[in-house]
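K.L.:
What follows is a structure written as structure tokens; I'll ask about it next.
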Amino acid sequence: MSKIQKKDTEPWVAKYRPKTVDDVSYQEDVISALKKSLNTGNLPHLLFYGPPGTGKTSTILAIAMDIYGPELMKQRVLELNASDERGIEVVRTKIKNFAGYAVNKTTTGTSNPGATFKLIILDEADSMTTDAQAALRRTIETTSKTTRFCLLCNYISRIIDPLASRCAKFRFKPLDTVATIERLKFISQQEGIKCEESVYQAIQVVSNGDMRKAITYLQSAFRFFANKISEDVIYNIAGSLPPQLIKQLVDCCKKNSFDRLQSMVQSIIAQGYPVSQVISQLFDYVLTTKDLNQSQKSHITMKIGNVDRNLIDGSEEFLQLFDLSSYIMKQLNNNSTSTNGDDMLIG
């Protein structure tokens, strides 16, 4: 493959990943604290947690680049995806072997020429088994003179306390609308993409604070549609329902007709939209609408939980979506708030 072809097919997530700590944006508190550690040359074990696509991996790779430079990165950084290599054997062999040997001080060309430690990055560490985490805790204790560990996870509650307590914890918050759109516009400018403001808004909505998703959606849309990107294109790529379709479903519920509602639900199913996604967007509607009072919202939310559980258990999708839609219709057209969320539960 030629260099031009490689450049054209390179994922933009990798292409526009921050190369240094100064390039990392939107996580100012985290970066400020980490810079102080880098300046003192005393990097602790780290635990980064937060939603996907908020910059956890990009930040630690940028830190590693600042410490070691591009050449030593290959020798002194071990990056593992703990969801694939999650068992105790990986800790006992690969991690322990890499962490065990000492290294010389880093030389010129790095921001921290006195660093005498290696770095092990464990992505998706919350997928590791409890036994593997316990073994890792012991490895961290015995190799702290030669190795620093950085654990990345979405759910800090899944990391055992003895392991979490040995790390400096940093929370990565979801990116807000302004930050996401600003970054998308920068990438669009670099790639020569022309989009309406509404397209960026649509990407922000479907990515829900996940910058990795947002950039991937933008690249996919540009690949297939060039500069003819519309809101509908973004919703199709993301597998989300266009807002107007959710509105049509809600309007159908307001008309209080089971026949019309059944036809509407059948139409949505026939168009191939994931029912889990439909339910998620209905949940967003319930939270934000002014057509329902707080009691009605709480009843519908309980119903959504029941339907979601039934879908996970393998219940028929049409029946579950029709059941939920019927319940929303009942609440929208009923002033009584005494309805129980299990009235129409279909297993």
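Keep in mind that glycine also has a Cβ here, set from the backbone N, Cα and C atoms.
As listed in Swiss-Prot for this protein:
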type	residues	note
BINDING	Gly50, Pro51, Pro52, Gly53, Thr54, Gly55, Lys56, Thr57	ATP binding site
K.L.:
With a radius of 8 angstroms around the mean position of the C-beta atoms of Gly50, Pro51, Pro52, Gly53, Thr54, Gly55, Lys56, Thr57, what other residues of the same chain does the ATP site pick up?
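P.N.:
After dropping the recorded site residues, what remains is Phe48, Asn154, Phe172, Asp210, Met211, Arg212.
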K.L.:
Taking DSSP three-state, what's Lys56 (ATP binding site) in: helix, strand or coil?
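P.N.:
In three-state terms, Lys56 (ATP binding site) counts as helix.
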K.L.:
I need the most crowded of these binding-site residues: Thr54, Thr57. Count other C-beta atoms within 10 angstroms of each C-beta and give me the top one.
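P.N.:
In terms of Cβ crowding, the pick is Thr54.
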K.L.:
Within 10 Å of each Cβ, count the other Cβ atoms, then let me know which of the binding-site residues Pro52, Gly55 comes out lowest.
P.N.:
Pro52
